[in-house]
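Scroll down for the structure; my scribbles are underneath it.
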Amino acid sequence: MKQLYGVIGNPIGHSLSPVMHNDAFEHLNMDAHYHAFLVKEEVLGEAVRGLKALGISGFNVTTPHKVAIMDYLDEIDPLAKQIGAVNTVVHKDGKLIGYNTDGIGFVRALQSISSEPLQEKRILLLGAGGASRAIYFSLADAGVKEIDVANRTVDKAKELIAACTATVHSVALSLEKATKEQGNYDIIIQTTTIGMHPRVEHTPLQISSLKKGTIVSDIIYNPFETKILCEAKEQGAIIQNGIDMFVYQGALAFEMWTGCVPNIERMKQLVIRKLGG
């Protein structure tokens, strides 16, 4: 019988997940289908119960349900619980189990472009919202020891740091201070929506004095190169946009559902083509 997978969210028509996962199923000769389900906030509980009754094998969760979904699951992975959000659900032995592959997917994507272990790096995170939280906790879980957080509201950065139970040396900074100290970091990660289409001329941090070999990663992928990435490239930095995070988090979910490892480069090239790259 064909295995059913999917993604729930609102809106959902723009999602590239069905294209990416269905191509992977076809490539691996798997009898499975991935479908996008439009689910409004007021019917989330009913939708989850319906998917469980249908025997769905697993599904992704996107905006605006990543936090609310946690009330309707049988179990939640400890890291996802710490992050406070779920983006992947596995249906196993009659139970819906929630995970967060956003942060771990990002860590894997970042490691793929770093020639050295991330654990040895000094990292600066820009932003203290949901995406930053997932990345911060996942980097800490992976053993990274130095992660500073810069945010427009410094208190929010302090709250994020205080919420993490792992042993990490972290300082909360203003964006102004981070701009002055950017040369002290090996990796800078941009997690806000600043610079996203259509406000492409905006940047949270003016790149001006990076040290040699710095990696600058932006979780935005529209445009492919945000202002911060363009400035970093001019400084000779290694740059990475949000496509890698999207692909790696999807590949990790695929692996958790099926036990099979998809072809990540194939997934990435497909997503780039679909985005017009």
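Just so you know, glycine gets a Cβ as well, placed from its N, Cα and C.
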Further NADP(+) ligand in Swiss-Prot, beside Gly127, Ala128, Gly129, Gly130, Ala131, Asn151, Arg152, Thr153, Val154, Asp155, Lys156, Ile219, within candidate set Gly105, Gly195, Gly242
Gly242
Counting Cβ neighbours within 10 Å across all chains shown, tell me which of the binding-site residues Leu16, Ala131 comes out on top.
Ala131
Report, as a single number, how many Cβ atoms besides its own are within 10 Å of the Cβ of Thr62 (shikimate binding site).
18
Select the most exposed residue of Gly127, Gly129, Gly242, where exposure means the fewest other Cβ atoms within 10 Å, treating these as the binding-site residues.
Gly129
Through the lens of DSSP with three states only, how would you label Lys66 (active site, proton acceptor)?
coil
